């Protein structure tokens, strides 16, 4: 049953081939048996999941159930879950049990989704390898000596290992698309504001966006349909009509205009990755799309601008974790300053501390104009690059990551090398655009991701373009050798 897609599970539940309790128990048993190898889950909610599955079966029997009712999924451990620990991968929140659900969690609960547990992640979503988690690194199911990508590495590995058919995730600079690429699955980051951030623990508020991880674009459409909503509790959520993401999945691509940014095929791109992406582009041409080279001239400034803006926002957001109201609290503080210093020093990991310090420096009185203001000006130029390109083409294609999965520890001593893993994904977040990654090949037995970038609120078009590729190829059906 674990090889079934979400769409197939929905059909199986409808046909009574199995019950929600049966398939939920199957995945729970699989997680308990196999996840000692991958470490993709922080918390398993077995008792709650079986209760939800029982309720879903009753709802299905009554004949009035939403599409995802009874389907088992998992949440990245950044979404607040009422009564269930939400750690954000950090010692700081190791004992935090929220008294409420995030809007994303509520949306899925209302649709009768069964939640198997909370997935591992880089601490406070800061990382590109899932090596910064307080709960230990997640291993890539394709090669357990390699990272799964980050920060949503737990969700990506769990989906790739068939421990769960789909999972929620978040993307601040590539944290859905990059691990999706490295684990050979489908990941979508919607337009900024398409999905509520309420109850999603903040890293960089102007960049964070929730999305999904699945094996297919068809499944991504089903998950996004439930996730997307307008929410008054999130002031950045946009009141924009929500498309039916499944209805046009099979629309023909004849006449589709594809832009290929020349800046995405320069120095640093693995030759095998480039070859796989170029082959994918030829597949689209065979389906009737036209391809033209385009330019995003400020691409080289995306990483430096991001690593001023994101740490600055992180510095402000993480100031709330002071050991007073919730989160880690040091023992026997001498005074208030000692409480702050030791609680934060003990609660945060090295990468989080690094970004807080960088952000605080960038926001300080003497450097605000030189760094933060300048980075925001660059952000505006990057956004204009995309506006200009989308006046010529319908979608942008390129590599998701410069290389396939790398070995643990190979980039940890060089933060800049790690940051450059997101060189092709960061600009999309700075501009607030939707982006996807779908598998398009392999290099040395490890997956390669093709990135699709769309115009604002063009998620339905991206899903159509991704689905059509998956009807012509079988990369999305391939599984790691160890998966049975």
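Glycine is no exception: its Cβ is also placed from the backbone N, Cα and C atoms.
The annotation active site, charge relay system is assigned in Swiss-Prot to 76, 151. As annotated by Swiss-Prot, active site, acyl-ester intermediate applies to 175.
Secondary structure at residue 76 (active site, charge relay system), taken from DSSP and collapsed to helix, strand or coil, is strand. The Cβ of residue 175 (active site, acyl-ester intermediate) has 37 neighbouring Cβ atoms from other residues within 10 Å, across all protein chains displayed. Of all Cβ atoms in the protein chains displayed, 33 besides its own lie within 10 Å of the Cβ of residue 76 (active site, charge relay system). Contacts of residue 151 (active site, charge relay system) defined by a Cβ separation under 8 A and a same-chain sequence distance of 6+ are given as 89, 121, 122, 125, 126, 127, 128, 130, 170, 172, 175, 179, in order along the sequence.
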